[in-house]
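As recorded in Swiss-Prot, the features of this protein are as follows:
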ACT_SITE  Lys21  active site
ACT_SITE  Asp148  active site
BINDING   Pro106, Val107, Ala108, Ala109, Gly110, Ile111, Gly112, Gly113, Gly114, Ser115, Ala116  ATP binding site
Amino acid sequence: MIVTGATNVKSTELSETARAKVNLTLRVVGRRADGFHDLESVVAFADCVDRLTLMPGTDLSLVAGGPRAQECGQAADNLVLKAARLLGERVANLTTGVFALDKHLPVAAGIGGGSADAAAALRLLARANGIAIGDPRLIEAARLTGADVPVCVCSEACVMTGVGETLQPLGLPAMPAVLVNPRVPVATKDVFAALGLRKGELHVGVSDVIEAIVWPKTGAPMNDWLAMLADGTNDLEPPAIRVQPVIGEVLARLRATGARLSRMSGSGATCFAIFGNEADARNAAQTIRLDRPQWWVHAGTLS
């Protein structure tokens, strides 16, 4: 059950933030025989968040509030409840309770909003039940909830491969950035359909695999990272623009700000731009807000 309304936090509740996920690069290696796509992605996390709290109890439910509460969908489709149920199938006598979601991140936006919420739910249930984050039962529940949920459980910069299950931590520095979403939802399945890979078809060569890349060490300057990231791409960007042409406009406006790097995240429609300093990021965000007040714009950091 999902109820929309106020989400008053009580002192006995547990709380977690759900950070937006940003794909700095995204290669589609190919489509497997089972229909899933193997991916290679450098993932960072932004400082824009949803907030999720848990009042531990016996009955599982979700109360949604915040400016995007109406976008949480039906209970059968909500990833917070799905993750909790999947963990409950694997952990006997799991304490669940009432989740309260303060929803701010856009949905169907390529920044893992629903996945980040589900990951926060798993972290809350782990705390409420004394389960380690690395517990195989929790990891399996995360994987079955959705491809982006395992990386969102960790919520730290990494290289993500496979169907999202293999994670390699990265020492990414904090990078000033702007995120822009034109408030147009994009269905991931539509973008992959537009990519058009057949089952068993490869999209990149063996020599392109991301595991072979030697990434900068922790503490390396941002310029070193930007040089590496600039060599990357998002393979879903062209098909996403075919599905929603406004994504091309978002990218054009970001690139016109003088950003160091601009790209689409995930399957869209959110795009990001990285800047040399926070002032430039704030100025770019303000310019875009004034020009396109209907768009969602966030200036902050990626790390």
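Cβ from N, Cα, C; glycine included.
Owing to the predicted nature of the structure, the values given are computational and were not obtained by experimental measurement.
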Look up Ala116 (ATP binding site) in the DSSP assignment and reduce it to helix, strand or coil.
helix
What is the separation, in Å, between the Cα atoms of Gly114 (ATP binding site) and Asp148 (active site)?
9
For the recorded ATP site formed by Pro106, Val107, Ala108, Ala109, Gly110, Ile111, Gly112, Gly113, Gly114, Ser115, Ala116, name the remaining residues of the chain with Cβ within 8 Å of the site's Cβ center, in chain order.
Ala20, Lys21, Leu105, Gly266, Thr270
The sparsest Cβ environment within 10 Å, among the binding-site residues Ala108, Ala116, is found at Ala108
Cβ neighbours within 10 Å, counted over all protein chains: which one of the binding-site residues Pro106, Gly112 has the most?
Gly112
Report, in whole Å, the straight Cα-to-Cα distance of Gly112 (ATP binding site) from Asp148 (active site).
7
